[in-house]
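Record features (TrEMBL):
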- Glu128, Asp254: divalent metal cation 1 binding site (BINDING)
- His170, His200: divalent metal cation 2 binding site (BINDING)
Amino acid sequence: MNNYIFDSHCHIQNSSITEDDRDISRYEMEMSREYSFAIAKKIQTLPLNSVGMMSTTIEDSRRMCEIITILKEEEDQMKKENKELPVKAYYGFGIHPWFCENTLKNHEDWQQQLEKLVIQYPKATIGECGLDKVARNYATKKPFSMPVQTEFFEFQFRLAAKYQRPIIIHSVKTVGKLFEFIRKELKSSIANIPPKIMFHSYCGSVDITRSLLNLTQIRDRFYFGFSFFVNSRIQHNLDILTLIPKNRILIETDLHEMDDVPEAIEKIYQHLKSYSSWSSIIDDFYQLTYENAKDFFTF
């Protein structure tokens, strides 16, 4: 195992347990405590140091609570034996933009439920949340409502600021809109800004990246995650690496399936490491991104 591999954004709390489980709906499997125990156990077999697991719905957040509780019990037992868990698990509670409409329909008190979880788990980050102009509702084939997404995102952003938690943001064709919102909140008060902000699978343009980093009061709060699945397809991502401070770059998989994580981590590692301007500067890119992620999740 490489001691410096940190998958800063994934959804492996919803992984299958065996190859045969891949065709079974995750939501059919996740209702049992036995499943949560199996997930917690499988996380500890991953060939990496740490993971950042992000929830996407109220139900997902509740499942996360069960897995985290199991891991905490295991960690406490290991400490009694002067040992540590092989893999450190960090986590977040949030409502993904794809699931805002369903949440509004099924949970009238979603705001209270989410805030209650954040209070109950002081080590939880906020996420995954954000805005997405491209994704469509599977049933209606229509784009997800931007006003509804905006309502959910702004609440979660302000929740992160209120409780001083890092926030993990999903953004597809909306980085400019997010920039304007953050600038407006900052103009009102710096207290409105969460202590750390991760743009996961970041796809912002060179110009909007400059604009974000020109917010000098809070530029040190921004972190930028890159996944092979998303970022290998976008040519200008290598160009923006000249702008982003090296201590703010994260690598991630954004995957559900644990068995696919090692290959995805290696692919994004090689993709970013191949950037020619870095090859002579960075001796260990894994260690760099590990330290960056550890810094993001430490609060």
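In case you wondered, yes, glycine gets a Cβ from its N, Cα and C as well.
Each of the binding-site residues Glu128, Asp254 was scored by the number of other CB atoms within 10 A of its CB, and the lowest score belongs to Asp254. DSSP assigns Asp254 (divalent metal cation 1 binding site) to coil in the three-state reduction, outside any helix or strand. Close to His200 (divalent metal cation 2 binding site) in the fold, though at least 6 residues off in sequence, lie Ser8, His9, Met54, Gly127, Glu128, Ile168, Ile169, His170, Gly225, Ser227, Glu252, Asp254, each with a CB less than 8 Å from its CB. Neighbour count (other Cβ atoms within 10 Å of the Cβ, all protein chains): 25 for His170 (divalent metal cation 2 binding site).
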